[in-house]
Structures are given as structure tokens and as C-alpha cells.
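Swiss-Prot annotations:
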type    : residues               : note
BINDING : H581, H585, C684, H688 : Zn(2+) binding site
Amino acid sequence: MQTHEIRKRFLDHFVKAGHTEVPSASVILDDPNLLFVNAGMVQFVPFFLGQRTPPYQRATSIQKCIRTPDIDEVGITTRHNTFFQMAGNFSFGDYFKKGAIEFAWTLLTNPVDQSGYGFDPEKLWATVYLDDDEAIQLWQEVAGLPLERIQRRGMADNYWSMGIPGPCGPSSEIYVDRGPEYGIEGGPEANEDRYIEIWNLVFMQNERGEGTGKSDFEILGPLPRKNIDTGMGIERVACLLQGVDNVYETDLLRPVIDAVAARAPRGYGRGSHSDDVRYRIIADHSRTAAILIGDGVSPGNDGRGYVLRRLLRRVIRSAKLLGIDDAVVGDLMATVRDAMGPSYPELVTDFDRIQRIAVAEETAFNRTLSSGSRLFEEAAQSTKAAGADRLSGRDAFTLHDTYGFPIELTLEMAAEADLAVDEEGFRSLMAEQRQRAKADAAARKQAHTDLTAYRELVDAHPTQFTGFDELTTEARILGIFVDGRRVPVVGHDTATAQHRIELVLDRSPFYAESGGQIADEGTITGTGASQTAKAAVSDVQKIAKTLWVHRVTVESGEFVEGDTVTAAVDPRWRHGATQGHSGTHMVHAALRQVLGPNAVQAGSLNRPGYLRFDFNWQGALTDDQRTQIEEVTNEAVEADFEVHSFTTELEKAKSMGAMALFGEAYPDEVRVVEIGGPFSLELCGGTHVRSSAQIGPVTILGESSVGSGVRRVEAYVGLDSFRHLAKERALMAGLASSLKVPSEEVPARVAGLVERLKAAEKELDRMRLANARAAAVNAVAGAERVGKVRLVAQRMAGGMSAGDLRTLVGDIRGKLGGDPAVVALIAEGDNDTVPFVVAVNPAAQDLGLRANELVKQFGAAVNGRGGGKADLAQGSGKGAAGIDAALAALRAEIDRS
């Protein structure tokens, strides 16, 4: 049975049983705790928690899922995959255990000609949670499953959660016995190679708290109602119904393996385990990469972007290790499209963008492979020259950090060079880097607060946001927090600058930071008996998307929980913020007009007077494109388009053409911001101007790369734009005055001066080298005898580069004849650098002298290092004070030889 038929039968089965078919959500959601969607129930979490009322009591879906913790195991075993499809049926307060078991058993065991999968009931097993006697009884009554094929298991196996705070509950898993050829009997408890799990029925009835692992967490209490969440692995069912041993042999991944085999000199399944691993890595990672790019992820250096980059680079590396030297990723994306397109049409409609981003990453990584390979060769040579047999952790870290080399690639290249790698040192450096990154992140954002301190308020008292309609609101203090701890009162006398003071209000006009718009600033003041209390608001964050937490500095008086206060947004701040946010929408619309619909938003930041917009695009914008984008934006500003917002159903908004951005999780009812009718239409929860003319002029400051396939546009708006233009006008006037030309002639005059300066520098370099060569002739005549070796060791004039020194060394070495000779030149370079070059002719090498050993004497004396080969080596240090000591150390080393 083909995979598309397996999917169809699943959905049809549950739709006929009164379930609403719900499309798969994106694999990326607006949840900082979840890197990727990893379960079918993720998009339904608000329904399970009772935060939103579901529009249906029964639902079914096939969710795209990504799990990457075991990425290094992919290919080594055939059980691990980074992408999988989870088919599920869900009940929100409707049927519970009996219905879930009945629906699953019917679909699995019904004959193929009756729309089932046709599994033999005698080969099916079930596991249940330790004390779930009810589930055991239902399996016997509903399915007729004998007690000997039902096993009890603990929390690690049969109690399900997402691994983070949220809904959870006991589960019952269904297994298929593949037969004695796959191992010993005894059920899932004895052998999970023979007994394969295909369906997990979760009886979602509790909410869990913080904790680690599969069982170390607190059960906070029951959910508002009992729910059902099930997950059937499409890939595993496909293996069984297609009669193959693993997912790589199914119609999902085998086409990718065959496409690679058609180009590789060594085939799949020909006896080489390492080659088969590479084939499987390519097949798995290509599919996952296509899905990620299709859902809006671009290669980057952290988070989701880093995962995508790592996947693609493992594909490229594996292909090269299979002997495929040509570009391969573009063809792989096409093969994935053909295999997965029937189930995921976006892989077809958005194929050009998916392929372009993947190919651009391949091109970039091929360059880093070339550069990194040279660094690896140097490091390997230096390691061997030092008599060591292990590449240092520092070298491995540099290859990873600078060139993007996976440690696996370094290990393989080292093995080919008969070297080991200091993996412990590498991991230590990686840990230090991660720790620095965490510390930096904490320093940048100290507003992170443990949710448990706010749980009572989150659940019972969500904040009402009034800021769309007013800037001043009467409110009541719901809670006061000092450094994350709830207190009844806080005052100016007790709150120091070192304390993090936060006020939670029942109503607030302050916009809480989200959607790229930074938070409002303003004041909170007391009323009545507390009218002396005043606090400056510097930041506002959302907790669980419903509670506004105001970061404040108490300037006078004291605030008491329950007091009535006046919350007032600074109107100038809000106006500037709305200019920036509306300007972001305008620039986004202009970008899409100029570049086309593939210029998809990847991030944004807007604050008073400034906006920053990241978008997916390959290659830098041309000057003409930049100019066009700026012109289209300002023409729309000048047109004074009306800006208005309205709420509507999500699907209706999408049908109107509203931009729904990748990775955002939207409710059923959404807010749409419209600027000038068709000019800009986006789903947005931010604040905006009333008409486009209020934005003022928009000046694009520049455009740059912020990662592979992601560009950034920055701009000033409003008064800040005017000030920027005024500064540029004053700068141009000053240049024109200094150059004594009209403003319009300044560029030509500056270009002429630059050319003259370049010519003068070139002539200066020529004269410096000529003088150095003349000095070199004298150096040959004055060569000193050190033992059996003629030595030319000189300090050269300042300003010489390593390239200049290599040229001179070549001249001198050629004039010294065939006797043993060593040439060593060192100079004072720019910025206190000290370049040096050492050459050893063949006769001196016969005496045991090596340039790459002698160069170490220079490096030690001038706080530097160097490397190279036996005949020629070079390096660089810091500090000219050590030059004489370096020359003396060299003489002493030669004399000892």
C-alpha cells in the first residue's frame, strides 16, 4: 500500500466518524520552548488546556513533525529519522478511552477491501500505564485482545507529555509483532526490534509542570475536561504494509537513495556499512531540509536556521564521501518534491524558492570546504611535525566555528591522515562557547521570569489590553513582583536599581513587546490615597500571551496590591513606535512589489524612528532595487493611504490575500491591518498610524546579509529620517567646501583623489621593494657562517608584508648557491605586527634543518606562531621589541645543529 493511500485511509476513517479534518500546522510555531513541532497535538494545546474553545469536538490531522536530538544516529541505525508524519485523532471533551481504542482497532484490523489496513489481530499487542486497569479491561472488551498480549509499563514508556509544561496523561501503545526472524518473543517489554510501536493513544487528562526527563515532573492537576490525543506513525505503518524492513526502503525515501545511487560510484546495499549510512543520511536530511525551507526556515548560525544548515551540510559532506564531486542538492530537492508533493503541495508550488535556498547553501559550504580543507592540512602537518598523533581540540573547534565543519567531518579527515582528534578538548571549547552565548543572551534579556510565579494570575486574571483605543487607562494592581517573587507592597525607599520590579495590571494601554515591535514606555501613577506613587515603565512583556508584566522603576511613594492606578503611555513614544511598525509593513509591501512574492519576511524590529526588516533572499540587492524599494515606499507614504484594522476568521483573512507569516501561530479570529486597500494586507497585532502620511519620509540606510539566504534592510522613518538626511546634507556641503567644487561634483572629485592615492601607494610599495632588494644583494655578500651553514638573518625595513618577505627570500636563496644555507627575514609590519619568513635549501635540509621547525624560534620570541614546509615557512607575531631576540634564537638553534 503506497503512503498516499495510507494517509487517505486514515483521514477518511475519522472523517466518516464525525471528525473534522484539520491541515498540518507549520513545523515552526511561535513558542520559545519548542524548536520544532514534534507531535500531532501541538496545534491543539490551547484546546486541551481550556485556553480556547475548539470549533469542533473531534478532529483528525496528519502533522509534519521534526525531532533532531538524535541527528547523529540517523543513518547509523534505520530507526532514527529527523522528519516524520504523525497521523492523529483528537477528542476535546467528547469520547475518551473506549472510543479511542475502538477507532484505532477498527482501522488497523479491518480488511483492505473494507477501507482498513488489514493487520492480523493475532499479531497486535498493547501496552498500558501501570495502574490503568480501565484500559486493560477495554482492550479485552472492545478489541478482544487477550490479557497475555497486554503489558503494563511505567511513566517513561506509557505516560506522555511534550517534554515541557503542558497537557499530559497516561497512554496505551499498539505494537505489531514482526515475527521470530526479528528477535525473541515476549512482547514489547522484551524486544522492541521485533515488536514495533505503530500507534500511541494518549488519554490526555492532566497538566504537568517543570521537570526533566520522561518522568521527573510534577502533575499540577486535572485538565478542564478529558481529551484524547493519538499518534500513528505514517512511516512505520508504511514499512509494515509495504513489506520492507525500514523507512529507507519505502516509497518515501527509496527514490532519494536511488537518485543518489545513479550518480555515486559505489551503490547502496553493496556491503559497505559506512556508504549505506551516508546514503541514509542524504535521504533523511534532504527530506527534512525541504520541509523546513518550505515552512520558512533559512540556513543560519543558531536555532532553527542552524539545524537546517547542519542538515544540508551533512547531505553535502555525505555525497562527497560517496564520490559525488558535482553539485547534488538541487536534484535532491526535486526528488523530494516528486516523492512528497502529493501529500504536501507546497513543496511543488514553492519549489523554486526551496531549491534556490538549498543550492545557495551548497555553494557556500563548498567554498568553506575548500578553505577549511586548507586549514585542516596545515593543522595536520603542524601536528605531525610536532611528533603528535592527535589534532588539538582548538584546531577542531576553529574548523567548526570558523568554517562550519561538523566534528564528524574533522574526525573522518583526521582518520584519513592517521590522526586522532582531541574530542574532549573540542567539546570543552564548544561548552564554553555555549555558556558565553547563554550569558550574553541573559545579559541582553533579563526579563525572563519563571512562569510558576505568575501561574495564578495567568490562569485567573488575564490582562485586558486597551491600547488600541486609548493611551491612558484606569487599572487595578493584580500583583507586584520583586526579582520574580510576589510581594504585597513595593516602595521607592525599598526598591533599588538592582531590583527587578514588575507590576501586573488588570487593564493596560501599554503595548507588550511582540511581533517585532518593542514595548511602550510611560508611567504608572497612584490615585486617591496612593497618589504620591509614581513609576516609570521601561519595558512590558507578555506571560503566556495573556498577562502584561510591566517592568518599572519606582520614583516616589509606594504601590500596594489591589490599589487603583493610572497607566499612561508616553504619546511621543507610541507615535514613534507606530511610525516604525507601519513603516515596516510599507517596506515589506514594497519589497514584494520589487522582488516578487519569494521575498518572505524572516524577522523584524521596529522602534520609534527606526525599522529593521529581515527577509529570505539570495544575493545582495542592486542599487537600482534599493532605490525602487525606497521610492515605492515613499510614494505610498505620500499617497496618504488610510490605515485601518479589523478582525475576521483566519481562513477568510488568508482568502483575502492577507500575509500570514511563516512560523506564526494564529488563533481562529485574527486581526488584519490594511494599508491603502491592496497595497498592504497583513495579519498583525501591533499598533499603527491612522494614515500612511503620518509615517513621514522613509530613508533606507543600507542592506546587508545576516545569514545565508537572509538579507536585512534598515531604515529611518519620520523625524529621524529627516535628521539623517539633514546630517548627510551637511556632510556633503562640508565636503564640497573642502574640495572647492559644487556638491554634484563631489563624487567624481573623491573618486579621482582615491585613484591618485592608490597610484601613490603602489609607487611607494614598488620603491620599498626595490630598496629591499638592493639590501638583499648586500645581505648575500655579508652572509655569516654558523657552523656548516651560510646564514642570512636580517631585520628588514618597516611596512613590509609577508608576501614581500617571501619575494626577497627567493631572491637571496637563489644567490647563495648549493652550499647549506638558511635565509630568515623579519620585519615590522602594520599595526605592530611582525611578519617573518624562513627558507632552508636542500643542502641545509640534509643537515637536519627544517624551515617549519626554525620558524618556531621566531614565533616564540615575538609572541606569534608559524608553520609551513621543510623548505619554506612563515608566520606572524606581535611586538617589534622581540625581533633581535628572535634572530639570536635562530642563530643559536642553527649552531646547535
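Using the three backbone atoms N, Cα and C, a Cβ is placed for every residue, glycine included.
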DSSP three-state assignment (helix, strand or coil) for H688 (Zn(2+) binding site): coil
Count the Cβ atoms, other than its own, that fall within 10 Å of the Cβ of C684 (Zn(2+) binding site), considering every protein chain shown. 25
Compute the mean position of the Cβ atoms of H581, H585, C684, H688, which form the recorded Zn(2+) site, and then list in sequence order the other residues of that chain whose Cβ is within 8 Å of it. Q517, T578, S582, T584, V643, V673, I675, E682, G686, T687
H585 (Zn(2+) binding site) falls, by DSSP collapsed to helix, strand or coil, into helix
Just to be sure I understand the packing, how many Cβ atoms besides its own are within 10 Å of the Cβ of H688 (Zn(2+) binding site)? 26
